[in-house]
Each structure stands twice: as C-alpha cells, then as structure tokens.
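Annotated features in Swiss-Prot:
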{"type": "BINDING", "residues": "G12, S18, I19, Q39, D61, V62, I89, K159, I188, K189, T190, L191, A192", "note": "NAD(+) binding site"}
{"type": "BINDING", "residues": "A92", "note": "substrate binding site"}
{"type": "ACT_SITE", "residues": "Y142", "note": "active site, proton acceptor"}
{"type": "ACT_SITE", "residues": "Y152", "note": "active site, proton acceptor"}
{"type": "SITE", "residues": "K197", "note": "site 'Involved in acyl-ACP binding'"}
Amino acid sequence: MFLQNKNVVVMGVANKKSIAWGCAKALKDQGANVIYTYQNERMKKQVVKLADENDLLVECDVASDASIQAAFETIKNEVGTIDGLVHAIAFAKKEELSGNVSDITRDGFLLAQDISSYSLLAVTHYAKPLLNPGSGIVTLTYLGSERAIPNYNMMGIAKASLETAVKYLAFELAADKIRVNGISAGAIKTLAVTGVKDYDQLISISNERTPDKTGVTIEEVGNTCAFLVSDLASGVVGDIIYVDKGVHLT
C-alpha cells in the first residue's frame, strides 16, 4: 500500500455516488487515514453513513474563510500534518447552467467562481502550513472547461478557471515539494450531475463516445486520485489528467 499511514483530507463527499467518495475509498485501500470535511450538519449526516467510526470529520464551509481556517486548525490539532488534499467541491445555480451564456447574472457568476474555483485557492492557503514535503493536492474538473457542453454553461467557465488555478498553484508550491494536479473525470451520475438539464442524455452520449462504450466509474477516478496524491506521481506537476475512458479523444 503506497499511502500507508498518510493523512489525506477529502472535501466534497455528498453520498456514496460522489466522485469524492470514490477517491476516499481508493485512498483508504492504499492505507491512508482519510479526514473528511463537510459543509454543514445536513451534509455531515451523509458523510457519517460512509466514514469509519474512527475517521475524523471536520466542518468546513468553503464560502467562509473563517470556517476554512477553523477547519484546518482543528485538523492540525488532531493529526498534526497532512500528506494530501482532495478538493471535490463545485456549485452553480441551476438556472445558470442552461439557456444563454450571455444571460448569466453577475451574482450567479461570482457565486460559481467562488465555490468552484476560488475555494481551491482559499483551502490551499490554510492547508499549506500543514502539508508535508511530497504531498499532493488534487481537484476535480470536467471536459466542459474546454469544450462547449450543452447545459453546462456557468460551470464550464468556472472549471476553466479552476484548471488555470491548478497551474499557478503548482508553480507556486513546487518549491515546497507540494504537487497540484487536476482530474478531468468523465460524466458520472452523481448528485452534482443531476443538476444539469438532460443529464441522462449527457451521460448516455458520453458513454457512447468511449472506445469501449462503457462509462468511467468513481472507483477508476479514485484510483487515479490516490496515485496523484502519492509519491508515485512525483513527476506529475500542474497537469489535468483525463479519466473519462477516452471521451476526450473524439
């Protein structure tokens, strides 16, 4: 197991279908101690159902700097240092995903960018003092960042911003021997995807475009995440890794 006794923070587990949960499972399979964050008490109830009894759960609302700071202070007090961070958090108002891009509201734009992109910067700011040399930060993105995907409007813009943030963070943190990368995951029926209009059609079309005509799983994304967090990925810096069964090829 290549993550034996490593402490890794996983942000964004909503339920058992979450990509973040696939990441957490893969990390645990490789021996990591997973620390979960949750937005509020309602979300905590979902995480409790999945986490092991002795796992550390910490409240962290990424819309609040004070909440992020408090979360990482708690993590520091409980485990000392960490060896990885998985950022699987995104949000946009449903009405900002479909229709005309030119109709996106200022408030909707700012909210999506704040939660989906800026949060990676904010979380990294407070996590950095805890991260050991050799640590890996991984975030989740999607093909809609670089192609115009129907009904993905605002989130596509936010994901493009997120991917650029990955590159700049990777450049900054390389001096501290901390790697930052992103995973561009294929369309999977998660809670987040169900907010996209005609999501069943999106998933069906995506699956048809894979060379083997089958969709990617949260476990496959999770395995790549575990690799990127680990020392095995020491040469992978500032990259966006496609884990979509080849959808991006066509």
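Along the chain as shown, residues are numbered 1 onward.
Including glycine, each Cβ sits where the backbone N, Cα and C put it.
Distribution of Swiss-Prot features across the structure.
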residue : record                       : DSSP class
G12     : NAD(+) binding site          : coil
I19     : NAD(+) binding site          : helix
D61     : NAD(+) binding site          : coil
I89     : NAD(+) binding site          : coil
Y142    : active site, proton acceptor : coil
Y152    : active site, proton acceptor : coil
I188    : NAD(+) binding site          : coil
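Ranked by how many other Cβ atoms sit within 10 Å of their Cβ, the binding-site residues I89, I188 place I188 at the bottom. Rounded to a whole value, the Cα-Cα separation of Y152 (active site, proton acceptor) and G12 (NAD(+) binding site) is 19 Å.
Annotated pair G12 (NAD(+) binding site) and the residue listed as 'substrate binding site', C-alpha to C-alpha distance, rounded: 15 Å.
I19 (NAD(+) binding site): 28 other CB atoms within 10 A of its CB, across all protein chains.
The Cβ of Y142 (active site, proton acceptor) has 25 neighbouring Cβ atoms from other residues within 10 Å, across all protein chains displayed. A separation of roughly 12 Å, to the nearest angstrom, links the Cα atoms of I89 (NAD(+) binding site) and Y142 (active site, proton acceptor).
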